[in-house]
């Protein structure tokens, strides 16, 4: 029967569907195919289950089941009063919450901190949601206007002058230090072995300083006139606004196309005027709260947000500098990066806080918090520079060549073609650095700034709340706060990564 | 005949001690199509990359549409605005859509309003027959389509001269034709073109002149008919016998 007919076949009855002999879907399927399908997996599953049992269960017991939820002082959290082995002592957190959030910020002024938080959220959330419009305006409000407003809200105080006075003051300071350096050289020339040379150089520097003095004389004269008259802030403001608007008009294309630039700069100045008026900056502003009174979550957020926002541009600039063809810029960038990466953050903070004041000229002092901020920004900037450089190295040479062939300048090629691609490659690394920066802010507590962790430790010493579980409760709470922020950043970065890398999916 | 739009005289270039281009003199008249061929390493690509200053050179002078480009590379930007370039590896910007690839330079270099730039870009994308893919990313297209986008991108700047650096060498055989067809169309519209290619069929069909290079110098330049039918120099004969079998 090996003829062709035997291989022909016609189906008589259609087969009905029947269930699989071994279930491969659902929970049973998962157990069978993933959890208990081999001796190794059985072992791993048991070990994993035990691990969960020994970590999750005690945590939940400590934080929820055995916790004390209400009370007035330590008595509520003592085992003999509660009648069971007490876990977390939540009334302690409740009582200390203001200190953990505001530090020693005066109670009557805390609405200013709250208002700053609200402003930050109101400006930041629309910036993070891609669907919402007006990203340019939103970004400039958040990155330019918000820091200034936040400073005057949190720190308080007013302004005595405006752009013109500041420019004049800055130039004067610059000029004074030039003349000072020249005179220092002159005085040391009397004793030095290379006296004549120092004398010559010193005289030259003094001469330059004097020349600059005469050059900026019109500006300082105008400043003195304005300061002498009443309403100095508004006069100065008007002069500055007029000058800046004219410059914007000129740069924007003059009569032909400058209308837009003029309108936007006038709009910006009107907004600035409104803020000055609203906050009463011309009349002394809000009462000053010195930064050594700030503390808690406020300091943690101020330090980390400033660090994050300033370190990225620093990092980008250094990374580009390190790849520059101009030797001076390249050497400077390399030296800068290697210096900051080679020094521990604690050393940087110590140096910024205790040694920097010794090096600055006498009439020039910088607030302690600002010093720590600058230290952290530069430190993180150096790390970000290496992250960004990794991204830059991943961009093929042809990209730059194609842009150049189209007539794009170096700046436009870098900002439109190279950087957007490079930064997308390194989003995970950048956010990694941001997260570690956020946690490293707790190091500022060693330079007498009380961040969240510092405030927490300070609160441990309160005898009113001293119980066996106070420290555990406090650290658990701080841990949860840090985790919420870091996990939030992590998830958001994944979202951004996914969105911006649309072109890498087919 | 009109004045040369590209005038290369006494061009010499070294990579370190290696003399890549030796005494190159070449005039390209307006509307002329020149095919440059030769063995690899003969300096063909380097030569056309010198014309839009992607490579610097040590001696000689290149004048493009009256703009002088000397060894110190002044007027780079002015020259690059007049010269379009198509690369072997396309070099489209992968993070931008096809349309954005084509509008980037008009908007940022020529300051053309976005709306007008997009209209122009769509016109050129229609000419290279891919208008319906305008919102795709380059990575989602075939090599031939990417190269046609690259041609459209160069054309949006209204260049007076187009340079092609082995535009079909990185393509599958099937896609070579679609790109060559686009280039033939472009030639038919009177564009001045310098093409480095090994596509001898294209040279025969389109070129006014074929330039043969070897060891950094121009060995022979002639009309395609003469060049293929009666090559003069021994090196040219050898080269042609290798590739035309």
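Here the Cβ of each residue, glycine as well, is placed from N, Cα and C on the backbone.
Feature list (source: TrEMBL):
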- A:42-63: transmembrane segment (TRANSMEM)
- A:113-129: transmembrane segment (TRANSMEM)
- A:136-154: transmembrane segment (TRANSMEM)
- A:197-217: transmembrane segment (TRANSMEM)
- A:237-255: transmembrane segment (TRANSMEM)
- A:262-281: transmembrane segment (TRANSMEM)
- A:293-320: transmembrane segment (TRANSMEM)
- A:297-493: domain 'ABC transmembrane type-1' (DOMAIN)
- A:332-356: transmembrane segment (TRANSMEM)
- A:472-495: transmembrane segment (TRANSMEM)
Positions on the same chain near the transmembrane segment (A:262-281), where near means CB under 8 A and six or more residues out: 145, 148-149, 152-153, 158-159, 233, 237, 241, 244-245, 248-249, 252
Long-range Cβ neighbours of the transmembrane segment (A:237-255) (under 8 Å; 6 or more residues past either end): 162-164, 222, 226, 261-262, 264-266, 269, 272-273, 276
Contact set, same chain, for the transmembrane segment (A:197-217): CB under 8 Å, 6 or more residues outside the stretch: 168, 171-172, 174-176, 178-179, 181-186, 188-189
